[in-house]
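Asker: Just passing along the structure, written as C-alpha cells.
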Amino acid sequence: MTIMRKKHPLIKIINHSFIDLPTPSNISSWWNFGSLLGLCLIIQILTGLFLAMHYTSDTATAFSSVAHICRDVNYGWLIRYMHANGASMFFICLFLHVGRGIYYGSYNMIETWNMGIILLFAVMATAFMGYVLPWGQMSFWGATVITNLLSAIPYIGTTLVEWIWGGFSVDKATLTRFFAFHFILPFIITALVLVHLLFLHETGSNNPTGLNSDADKIPFHPYYTIKDFLGVLFLLTAFMILTLFFPDILGDPDNYTPANPLNTPPHIKPEWYFLFAYAILRSIPNKLGGVLALILSILILAIMPLLHTSKQRTLTFRPITQTMYWILVADLFILTWIGGQPVEYPFTIIGQTASIAYFTIIVILMPIAGMIENNILDLN
C-alpha cells in the first residue's frame, strides 16, 4: 500500500497533499478553517445538486417549486435548510480564514493570497445569485438593487445592466441565467481551490510565530487529519443545531412572500454576510463612489502585502498592531449591524464613521503601528 501511495500517478498527488505533506509542528486550530471550507463546499455542491433536481427556474413556478421541495420531497426541508444555512457556515469559516491570514501575515504568500481573494469574490457572486433563486420579495428586490449598481459605470452602465437582466427589468431571463451561473460557479470554485492549494504547497504553511519552520516539520497524517476531524465535528454540531432548531434565524421573513415588482419592501437588505460591504456602499452619498468603496472593501486585501511595514511576519509579538487588528474586527461587527438598519439618523453617521475607520485602520494605522514596533524593538 505504501509503494502504491507513493508511486501511483493519481494517488501520489493526494499523498503529497494530504498524507506525507510536511507541516509545521506548531500550527493552531486557526489553521483548521481551510479544511472546514472544503467541507462546506462539498456540502453546498451535494445539497445544491439535489435541490436542482426539483427546482424550476421560471418566475411563475420558482417560489412554488421551493415550497414543493420543503413540503413534498423526502427530506426536502432538510436539504433546503442545509443549503441555506450551509452558505452562512461557509462565510463564517471564510471570514475566520481571512482573519487568520491577516493576523498571522499569511498575505506574504502572494500567489496563495491573491488566489484566495479571487475565491472570495467567486463565493460572494455565487451566494448572491443563489439568494435570488427562491424568488421571494427580498430575492427580487435584492437582485434589482445590486445589479442596478452597475448602472453607475459611466457611459456603458445602463446598457450593461439591461444586458445582465436580459430585458428592461429583473425577470424570467434574469432568473434563468442566475440559476445557470449559480450551478456552474461552485465547480469553477473547486478548480480555483485546487490552484489555491497548489500555490500553498509551493511554499508550505505559515505558522503562529511567522518564523521558518523547515527544521521542525511533521507529516500531515495522522497529526493534522485527526485535528481537522475534531474541527469537522465542531462545525457539523453547530451546523446541525442551526439547521434543525433555528433554520430561519439568519434569513429574512420578506423572502417568504412571493416576488412582487409592484410592492417594494420597506428595508431592502442582503444576507447577513454581505451587510458589512452593504453598509460601506450606503455610507457614500454618490452612487459611483459607493460602488467603488464596495469593491475596494474586499480588493483592499490585495494590497496588504504592500502595507506590511513590520520586520516580523505575524502579530503574535506585536501588541500595538494587535490592538489595531481587534479594533478592525469590532468595526466590521459595527458595519454588519449598520448594514441591517434603515437609512436614518443615527445609523447613517455611525455607518460613515465605521466605513472611514475600516479603510483608515488598514491603510494608515496598521502600517504606522508596524513601524513604531520596529523602532521600539530596535529592528531598523
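Glycine is no exception: its Cβ is also placed from the backbone N, Cα and C atoms.
As listed in Swiss-Prot for this protein:
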BINDING   His83, His182  heme b b562 binding site
BINDING   His97, His196  heme b b566 binding site
BINDING   His201  ubiquinone binding site
TRANSMEM  33-53  transmembrane segment
TRANSMEM  77-98  transmembrane segment
TRANSMEM  113-133  transmembrane segment
TRANSMEM  178-198  transmembrane segment
TRANSMEM  226-246  transmembrane segment
TRANSMEM  288-308  transmembrane segment
TRANSMEM  320-340  transmembrane segment
TRANSMEM  347-367  transmembrane segment
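For the listed features, I'd like the structural context: burial, neighbours, distances.
Answerer: Sequence-distant neighbours of His182 (heme b b562 binding site) (same chain, 6+ residues apart, CB-CB distance under 8 A): Gly48, Thr126, Met129, Gly130, Leu133.
Listed in sequence order, the residues of the same chain lying 6 or more apart from His196 (heme b b566 binding site) and placing their CB within less than 8 Å of its CB are Thr112, Met115, Gly116, Leu119. In the three-state DSSP scheme, His196 (heme b b566 binding site) is classed as helix.
A 10 Å cutoff on Cβ-Cβ distances gives His201 (ubiquinone binding site) a total of 14 other Cβ atoms nearby, all chains included. For the recorded site, His201 (ubiquinone binding site), the DSSP three-state label reads helix.
Counting same-chain residues at least six beyond the ends of the transmembrane segment (77-98), those with a Cβ under 8 angstroms from any Cβ of the stretch are 30, 33-34, 36-37, 40-41, 43-44, 47-48, 50-51, 66, 69-71, 116, 120, 123, 127, 130, 235, 238-239, 242-243, 247, 250-251, 271-273, 301.
Sequence-distant contacts of the transmembrane segment (178-198) (same chain, at least 6 residues past either end, Cβ-Cβ under 8 Å): 17, 38, 41, 44-45, 48, 52, 55, 57, 112, 115-116, 118-119, 122-123, 125-126, 129-130, 132-133, 143.
For the transmembrane segment (226-246), same-chain residues at least 6 beyond its ends with a Cβ under 8 Å from one of its own Cβ atoms are 29, 32-33, 35-36, 39-40, 78, 81-82, 85-86, 88-89, 93.
Cβ atoms under 8 Å from those of the transmembrane segment (320-340) belong to residues 99, 102-103, 269-270, 272, 274-280, 282, 310, 347, 350-351, 354-355, 357-358, 361-362, 365-366, 369-370, 372-373 of the same chain, restricted to positions at least 6 beyond its ends.
Away from its own ends, the transmembrane segment (347-367) comes close to residues 279-280, 282-284, 293, 296-297, 300, 304, 307-309, 321, 324-325, 327-328, 331-332, 334-335, 338-339, 341 of its chain (Cβ-Cβ under 8 Å, at least six residues beyond either end).
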Asker: Cα-Cα separation of His97 (heme b b566 binding site) and His83 (heme b b562 binding site), in Å?
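Answerer: Each residue's Cα considered, His97 (heme b b566 binding site) and His83 (heme b b562 binding site) end up 21 Å apart.
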Asker: DSSP three-state call for His97 (heme b b566 binding site): helix, strand or coil?
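Answerer: It is helical.
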